[in-house]
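Have a look at the structure below, then the notes.
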Amino acid sequence: MSSVKSPKNEFHRLPTSVVPEHYSLQLQPNLVSFEFIGQETIEVQIKETSSSILLNAVDLSINSADWPPLEPSKGSLKISFTGVLNDKLKGFYRSKYVGSCGEDKFNAVTHFEPTSARACFPCWDEPAIRATFDVTLIVPRYKTALSNMPIKKETILSSSLMEYQFERTPKMSTYLVAFVVGAFEFVEGQTSDGTLCRVYTPMGKKKQGRFALDVAVRVLPYYKRYFGVPYTLPKVDLIAIADFAIGAMENWGLVTYRETCLLVDEQETSALNRQWVALVVGHELAHQWFGNLVALEWWTHLWLKEGYASFVEFLCVNELFPEFDIWTQFVTDIRIPALELDALENSHPIEVPVGHPSEIGEIFDTISYRKGASIIRMLHDYLGIDAFKQGMHLYLTRFQYRNAATEDLWQALADSSKKPVDEVMSTWTKQMGFPLISVSSEQQGNNRVISMIQEKFSASPRDTATENYHWLVPLTFSSSENPNKAVQGILMKEKSATFTISNVDENQWVKVNPGAVGFYRVSYSSEMLAQLIPAIKSKSLPALDRLNIVDDIFALVRAGKTSTAELLQLLEAFVNEDNYSVWTSIDNIIEKLALLFDNVDSLENLKAYGRRLYSRVETIVGWDSKENESHSDALLRSLVLSRMIAFDNKKTIQKGKARFESIRGVTNNIPADLRDVVYKAALCQAEEATFKSLLEMYKKADIQEEKERIACAMGSVKDSNILKQILEFAISDQVRNQDSVYVMIPTSKTKLGRDLLWTFMKDRVQLIRERYLGGNMASRLIKSALENFASSAKATEIEKFFAENPLPGTERNVQQACECIRLNEAWLARDYPQTKTLLASIKSSNS
Ligand code: BES
Ligand code: ZN
């Protein structure tokens, strides 16, 4: 088993001979000149005598630094400095909005995680070096000024300046400090136990903060009950920031959000986005305990807070909105993407040694978040709800106001459950990848004996470096005796194991990994699979198990362990399917097949196959929402109609276009849940005029969500001239820097668009570097835009290009994209001839 090595570059850790205890920090941002003036006094403790004090600062001009010793072991460091409110969406930066006379105006906001507090004030910028903060902001009068704590005192300094002093913070990490200065309004409420909650929005939009506020005031008491630990600050503010690099940031007491992750408009917000807001609010508020109250020892443990929060947001949304059926969606949105990425040779272990800021930035990825969340879900199931909850309480009370490492959580959970948590979990966090469990079974009287073998699952049929891997796998089973009940099985410790299930006769099916709780894939013997297929057709197998089977088989197809033709036959078993998450999984499969076949000449036949596959469910969902339909049914409609449009279904496109015509010129009365579909229909065969009218709609849209929807639909365009215009539009001043990447990525969904986008990226690599260096947007662009090519020559070209034009922090994503490209080529070489024949014969038998 590979183990965690020490960071490449120990140099990046500060010495601990002198450490801060308290910062008194005063900042005066100028919203017109973009300069800020800062002054701080840091009380430090001297642990060992040394001749110098080393702390972090970047992009600041230091005007003076003075040092009075206070007593032998204490001193105070006074620094005055200036900086610039930058436009790079990190540190202390400016965010644009349009003023009442149409003029550009700016707010000042911070984003520090992981290493940008040092760009706002000189500090010991490491998560384990905690201190208290007294913050003072000097700001123009009549502006809102916010920080982590409530205002303690306000003073009018002049006719144009105000000074706000904030209460002292608890001992906290620097990356959680936050300031916002600007024009906002708010709605407020209180939790049942008296914590003041406010949701701040841009002026004129406070109504759109209502939903998040309702969620927040219910989430805080939920976590208090769940953790058995109260929220410890007197208030929490949630604020929507117009220019924001990521989704949201959990600053203690002042959580910042991208507008689309916080604002909900009763008319314009879709069911999917409303659900998303609930999840993001649940995620960031979970960090107030897990991440803030107990922070990380070092960034190697980043996954712990991010994986954990990405798990617990589902627990909490499930409690608040049981009608969302959110746990089922966990499997398609969190678990499956994690498995797909983690099957690559260029994946990485959850725990990685990191030192340099670009290495730290790179691990805010699907492995830390989604694999992290998935293995915690598996652990939650293995330990049981009560032991897990007790362990959380132990962990949070043991380490509150301090820092912890992964092992500390394992210890607390071991104490509460009496199970070997560290031994089990380190096999999942310290080695990359996950096992493939191959199962076969034998009938013995009234019992079924299941035999299992584990080996590392690899997306590449040629991967030979899999031998030294081995996991401790909590295995569970279900059978037709009671399809909804998981039989707690065994902890598989060796390469092979057997397990006997009693009271199962030879005609009954047995399923491994019910609920898709385990982070592994299963390969069934043909007999076991044959027994499961009728249970898929009749839907006597629960939804998660139906999707789990088809998704595992798809992974086996991509890994060359079974054929695409076989998969297409299996999909026939889903004729009666009506579950949203199962369709999401099928949709993932069919989309990836389409992306693959777009590289050769079989896309038309695949589309025909897809139209047939979706035709029944299309009739069921229809175009109009039904009275009292479920949340999932609303989501299913958009999924199905979008795919039918992507697969050129004439009737669907016609209907969508007709609806689009109905909004031209007048107010948009298309229900929010249907708009993406309608825009895609309008754009998929677009001429210039239609495209222009959507561009106009983008520019005029008053809410971000609508802009995102239009941008996403632009991916349906198939005309190269218009595609080129979309790419230019993406980097024009009509699109915020935070959104450019999300306008570009959808164009890569066709071979034509992908070629154009890659050329565009090469031409604009300098712009990409300037705008996005140090964030994870460039990584996202590279991976999504390029991974669907299918020729090794292209992979070589991409590697060569980024070797000559490096974008630090994107290296792993470049490698992952190139690995996917080579795997695609091999997949086509293996399966293309047979699949082509099959698709052609299906087509002719249906025409
Ligand atoms: N702590 C992160 C914010 C973050 C992300 C900082 C990347 C630096 C780099 C925050 O809690 C988070 O995870 N935000 C997510 C949204 C969440 C709902 C998954 C994000 O911004 O993508
Ligand atoms: Zn997070």
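Even glycines carry a Cβ here, placed using N, Cα and C.
Under the heading active site, proton acceptor, TrEMBL lists Glu284. The Zn(2+) binding site annotation in TrEMBL covers His283, His287, Glu306. The domain 'Aminopeptidase N-like N-terminal' annotation in TrEMBL covers 19-64, 72-176. For 211-428, the entry in TrEMBL reads domain 'Peptidase M1 membrane alanine aminopeptidase'. The domain 'ERAP1-like C-terminal' annotation in TrEMBL covers 509-822. As annotated by TrEMBL, site 'Transition state stabilizer' applies to Tyr369.
Feature annotations (TrEMBL) mapped to structure.
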residue	record	DSSP class
His283	Zn(2+) binding site	helix
Glu306	Zn(2+) binding site	helix
Tyr369	site 'Transition state stabilizer'	helix
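Remark: secondary structure over the domain 'Aminopeptidase N-like N-terminal' (19-64) totals 0 helix, 28 strand, 18 coil, with classes taken from DSSP.
Each residue in Glu250, Glu284, Ala286, Phe290, Gly291, Lys305, Tyr308, Ala309, Ser310, Glu313 lies on the same chain as His283, His287, Glu306 and has a C-beta within 8 Å of the C-beta centroid of that Zn(2+) site, without being one of the site residues. Counting residues of the domain 'Aminopeptidase N-like N-terminal' (72-176) by DSSP class, helix then strand then coil, yields 6 helix, 56 strand, 43 coil. Cβ neighbour count for Tyr369 (site 'Transition state stabilizer') (all protein chains, 10 Å cutoff from its Cβ): 22. Other Cβ atoms within 10 Å of the Cβ of Glu306 (Zn(2+) binding site), summed over all protein chains shown, number 24. Checking each of the recorded positions (His283, Glu284, His287, Glu306) against Tyr369 (site 'Transition state stabilizer'), the C-alpha distance stays within 10 Å for Glu306. When other Cβ atoms within 10 Å of the Cβ of Glu284 (active site, proton acceptor) are tallied across all protein chains shown, the result is 27.
When Cβ neighbours within 10 Å are tallied across all protein chains shown, the highest count among the binding-site residues His283, His287 belongs to His283. Here the Cα atom of Glu306 (Zn(2+) binding site) is found 10 Å from that of the residue listed as 'active site, proton acceptor'.
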